[in-house]
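Worksheet: one structure, shown below.
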Number of protein chains: 4
Amino acid sequence: MSESKKTEASLVIGSHSFTSRLIVGTGKYDTFDTMRDCLEISGAEVITVAVRRDRLIDSEGRNILDYIDLKRYTILPNTAGCFNADDAVRVARLGREILEGLENPGADWVKLEVLGDKKTLLPDPLATLQATEKLVAEGFQVLVYTTDDPMTARRLQEAGASSVMPAGSPIGSGQGILNPNNIRICLEYLKEHDSSYPVIVDAGVGTASDVCFAMELGVDGVLLNTGIAGAADPRKMARAMKLACQSGRDAAGAGRIPRKLYATASSPEIGQIKLG
Amino acid sequence: MSESKKTEASLVIGSHSFTSRLIVGTGKYDTFDTMRDCLEISGAEVITVAVRRDRLIDSEGRNILDYIDLKRYTILPNTAGCFNADDAVRVARLGREILEGLENPGADWVKLEVLGDKKTLLPDPLATLQATEKLVAEGFQVLVYTTDDPMTARRLQEAGASSVMPAGSPIGSGQGILNPNNIRICLEYLKEHDSSYPVIVDAGVGTASDVCFAMELGVDGVLLNTGIAGAADPRKMARAMKLACQSGRDAAGAGRIPRKLYATASSPEIGQIKLG
Amino acid sequence: MSESKKTEASLVIGSHSFTSRLIVGTGKYDTFDTMRDCLEISGAEVITVAVRRDRLIDSEGRNILDYIDLKRYTILPNTAGCFNADDAVRVARLGREILEGLENPGADWVKLEVLGDKKTLLPDPLATLQATEKLVAEGFQVLVYTTDDPMTARRLQEAGASSVMPAGSPIGSGQGILNPNNIRICLEYLKEHDSSYPVIVDAGVGTASDVCFAMELGVDGVLLNTGIAGAADPRKMARAMKLACQSGRDAAGAGRIPRKLYATASSPEIGQIKLG
Amino acid sequence: MSESKKTEASLVIGSHSFTSRLIVGTGKYDTFDTMRDCLEISGAEVITVAVRRDRLIDSEGRNILDYIDLKRYTILPNTAGCFNADDAVRVARLGREILEGLENPGADWVKLEVLGDKKTLLPDPLATLQATEKLVAEGFQVLVYTTDDPMTARRLQEAGASSVMPAGSPIGSGQGILNPNNIRICLEYLKEHDSSYPVIVDAGVGTASDVCFAMELGVDGVLLNTGIAGAADPRKMARAMKLACQSGRDAAGAGRIPRKLYATASSPEIGQIKLG
């Protein structure tokens, strides 16, 4: 396969390359069995894990990493639960250390999440930028969670982020992509100088059509957790999400038909007869 | 497999039963080769074909049915191009005759389409109802194309239609599901006495997320043509549509998470603090 | 004022002409006082009243018409509560008789409503068409409530209706205009031969922006009841609805700026840079 | 009138109090005459004027302030055309100086706008925060233009802004309120400790229903320019915008009816019958 075809087919983030464009989390599952099944069914090659001690170790003292096949998956350590830049940087280093110890290829990257409010779980833009700069300086490949604000996205890219990951809507809200306009401008900004720069929608996805629609907008991947873990039948939703991601990717590349008021009309709002 | 599981997994319409829930048309393709590839890639088991002579035979005298593997597919003859009940009934009979001659299992059913206007291709409600009654009386299993009006849908079911197929939006408009509210009421009406009664969204689908979303609403299948045939890369879109249909079906059955303003809020519009 | 300016400024329906483009109902008010205040505040010149005996006379034997200033308002008798064509025709005649007795100018018209289902209050298309034909033959000026299906709207116009009144959404649902696409096609159809033919959105309006948006689509007026009567502060909502109707009318005629991804972009979906 | 009623009826921003809740700009008008008429028709009491020299003085050397009745309007000087904090601070001071010289009450406040990109005119979050802090320290009452990101809005309030003004959509885009979810969270954040804290939607408004809808969300006012100046008939649109703002304010306070699938259903998505 030629280099360009490989790029077309693969999700390339920094030094990593994957076939699947769906990244899934490990939180909120009822049991480790359900979690393991869902990870597998989702087809994900990248699993994001919160590495703060209070998240990594459950109430019975079990380490979530013991329940994931580390030979199979690339772990993407994340800084969930961090509400300032220093804390996030510390947790990122901890993740690197843990994954180096486990010889997982995910030791060199991090999903940076610096939140501003426990109630809404919205990101803190300034603290996120500061932590990005610091972690990039320390050699991390930073995949940074942010709002859908295009200007903030541009600043994070300029700060050296390997991928910018705008939220579709607030974490766990299930609202899908609330502002496609902003995602489109994010894509225009972030891919301005390099169309292969990876943009990933992270958070807010509630169901399969949200994933499909996100991919159709032209993003490179989707990261989600609650949408699967919180479904009544997580395994079935894991499969739905996998197919939706593939479907949306295909549709994005297939060149859809235009929207019209009706097939022979000139636009979605104008038909063939001018109103008086 | 038990009977109930089979029903769950299958799209059952009258005496027919299928695994795939996507039904695709044959119109508007650049070449028969592209058409054949797309039919195959879509995973469809049912192919709908316009049987009016001016549609069945192309400008070079070629019969479209000669380019479809009739051993593989169940043909669903349709009455596209008919603008009154009598014409539609005649064309339906013609379809039966042709398919009986070809020994295709599609001889006993018909996709009824009676349009009211060449410009918008919107269905004619009254003529559609009259043709349904007539064709049911003649022993056809009628799959009837209609608007998304729930009351009209109910009348067509009462007239004996084997499946009611509301439009998502006008034929070829690519607008997707313009009024999910109406589709939801259609489902409530049509499945009131028998939850297995097949409801199929027919027309208006522009891209994969439209199909996924339609299936998530709880419909039993999607019928489309232009969305694939008119795409810049029809083969890629055919695959997208196939995956979207499977994905949406899974998601519909998986019990999605609720929509909230943010994860800990009480509703999509209300947070945790009452505004003054 | 010249004739054409008068037409521009007035809502003309059959032989009637009004300045206000908002028509309001009298149902569901807590008290007659509240109702009277809201009618006045709304600025409406036309008040629609259900004339079936069980609707006209309340539980205490009071006739609603005794609480409306019949010198001030043109009453539009309606057939609410009718579920078949014969019943609706009878009630229309009753309305004529009552209003003739009261010497109200509304004796020569009727708002025709033939519903198909008590649960959803959706109109019955076929019965509505039959009743329209009959009432037109009897000399009524018929303002006919219908779904937003453009083809049904055209049939009702052809049957002689003085105004076709598509629903924005189901009666009392508060969902606003669920399918602007259909309203746009209704306008294209109904104004094809005469741009002054009056099209009125009837039902579904929940709040002021729904009215404003409906008028911006180019309809000639809005008819509503529950949106005001069911509000926590009906008087305040009556004023909101009045202003929204005037506002939307102005906006429709003012020629709005186009929608863009951002001000210098080429369309709502496309910016200035082509994505790879 | 009691104090509380006055507050209810008035838009209070810092030391200023107004009856009108619509603030309009002066840019992009064809002629000063049209501008003057539109300012008057809009009912605005506050007019925002760009005070950078290249914006204040037109190509013929005319100063826009000479064409506005400074006895009648409170001028809100703005920093349009500034792309970094220092520049914005300088321009704010210039505005103060000019308005002090003209003895206009607008000398003590400023609409702060620090943009990040000439192409999209999106605000620069970090530079906006820095300029806010500086101007507040210098005694300005700062009304700050920002994205709809709730966390950034909170930071600007914490920095001492007298009003936070989230964009509905990009300046001049005419897209209206693209993300009501974010505006709702902004309101929850900004009014958490003081429900009278003024929140104003600034930018993106294309037509009257956008203004009406914004006000219905519960914001205290709307600021706009292009929506009027760029309309085909700016005077007519000015009136539409005035009415829409009043209408939306009333509707917000009137307690609208809930949205239902149909009137007797339990929610916008669920009817009365459970689907199988």
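Cβ atoms are placed via backbone N, Cα and C, with glycine included.
Residues annotated as domain 'Thiazole synthase ThiG' in TrEMBL: C:13-268. For C:Lys111, the entry in TrEMBL reads active site, schiff-base intermediate with DXP. Look at TrEMBL and you will find C:Gly172, C:Ala203, C:Gly204, C:Asn225, C:Thr226 tagged as 1-deoxy-D-xylulose 5-phosphate binding site.
Features per TrEMBL, on structure.
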{"residue": "C:Lys111", "record": "active site, schiff-base intermediate with DXP", "Cβ within 10 Å": "28"}
{"residue": "C:Gly172", "record": "1-deoxy-D-xylulose 5-phosphate binding site", "Cβ within 10 Å": "25"}
{"residue": "C:Ala203", "record": "1-deoxy-D-xylulose 5-phosphate binding site", "Cβ within 10 Å": "30"}
{"residue": "C:Gly204", "record": "1-deoxy-D-xylulose 5-phosphate binding site", "Cβ within 10 Å": "28"}
{"residue": "C:Asn225", "record": "1-deoxy-D-xylulose 5-phosphate binding site", "Cβ within 10 Å": "24"}
{"residue": "C:Thr226", "record": "1-deoxy-D-xylulose 5-phosphate binding site", "Cβ within 10 Å": "20"}
Check: How far is it from C:Gly172 (1-deoxy-D-xylulose 5-phosphate binding site) to C:Lys111 (active site, schiff-base intermediate with DXP), counting Cα to Cα, in Å?
Finding: 17
Check: Could you tell me the C-alpha distance between C:Gly204 (1-deoxy-D-xylulose 5-phosphate binding site) and C:Lys111 (active site, schiff-base intermediate with DXP) in angstrom, no decimals?
Finding: 16
Notebook entry, point to check: Can you list which of the recorded positions C:Lys111, C:Gly172, C:Ala203, C:Asn225 come closer than 8 Å to chain D, going by CB to CB distance?
Noted result: C:Gly172
Notebook entry, point to check: What Cα-Cα separation, expressed in whole Å, is found between C:Lys111 (active site, schiff-base intermediate with DXP) and C:Ala203 (1-deoxy-D-xylulose 5-phosphate binding site)?
Noted result: 12
Notebook entry, point to check: What does DSSP assign the residue listed as 'active site, schiff-base intermediate with DXP', in three states?
Noted result: strand
Checklist line | Site extent for 1-deoxy-D-xylulose 5-phosphate (largest Cα pair distance over C:Gly172, C:Ala203, C:Gly204, C:Asn225, C:Thr226, Å) | finding: 9
Check: Which three-state DSSP class does C:Thr226 (1-deoxy-D-xylulose 5-phosphate binding site) fall into?
Finding: helix
